[in-house]
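Visitor: Okay, here's the structure, questions in a sec.
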Amino acid sequence: MKILGLTGSIGMGKSTAAAMLRRLGVPVHDADATVHALFARGGKAVAAVDAAFPGVVRDGAVDRTALGAQVFGDGAALKRLEAIVHPLVRAAERDFLARHRRARTRLVVLDIPLLFETHGESRCDLVAVVSAPAFLQAARVLARPGMTRQRLDAVLAKQMPDGQKRRRADVVIPTGLGKGPALKRLKAVVAMMRGSRPAAPVGGDASKPPFY
């Protein structure tokens, strides 16, 4: 079974790329969705988060806004949260991979926002980085409810710069020109990893514009 790692900074279009891969028939393990499930009523992280951050659990689920207010700008608090969440996310990922190995699935995707930052590339056969011009990234993110420039800058400060991600990528997925070029590149990657076409040089180059 081949494993494609999918990552990209906030606002780059990673969720759209993951949805395209699902439509191409590739199973996707979404780390963010796993966190949402862990924080939901009955989720495996609720009790531990409640103990570490009193007052953030309401009606049996983690209130992400309240949690964010306690963690935002506090590096020590963030590390406490990560110590709770990351092992549970990895356990869910291992279950996903084991299930698809048993099913003899040929290709799966690990959708991980902080893939390089957490050294997740070591678990992947190939890493795809979703990228767009910085001005478009900012416009997308600032259009989200409750998002401010300060919050965006804080998120970006915790993420590897886009140029560095592209330099480390095996393939760059462009989203700056719309869905068409992104889908074309993803189809080529899927075909290559499934073995239905020869390998081709599809890597990124940080010295070039990210597919404007």
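Glycine too: its Cβ is placed from the backbone N, Cα and C atoms.
Annotations per Swiss-Prot:
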DOMAIN    3-204  domain 'DPCK'
BINDING   Gly11, Met12, Gly13, Lys14, Ser15, Thr16  ATP binding site
Visitor: 10 Å Cβ neighbour count around Met12 (ATP binding site)?
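Guide: Excluding its own Cβ, Met12 (ATP binding site) sees 28 Cβ atoms within 10 Å.
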Visitor: Using the CB centroid of Gly11, Met12, Gly13, Lys14, Ser15, Thr16 as the ATP site centre, which other residues of the same chain sit with their CB within 8 A?
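Guide: Output for this site, in sequence order: Gly8, Ala17, Val130, Ala132, Arg140, Thr175.
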Visitor: Same chain only, sequence gap of 6 or more: which residues have a CB within under 8 Å of the CB of Gly11 (ATP binding site)?
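Guide: Those within reach of Gly11 (ATP binding site), by Cβ under 8 Å and sequence separation of 6 or more, are Ala132, Leu136, Gln137, Ala138, Arg140, Val141, Leu152.
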Visitor: Across the domain 'DPCK' (3-204), what does the pLDDT come to on average, as a whole number?
Guide: 93
Visitor: Around the C-beta of Thr16 (ATP binding site), how many further C-beta atoms are within 10 angstroms, looking at every protein chain?
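Guide: There are 15 such Cβ atoms around Thr16 (ATP binding site).
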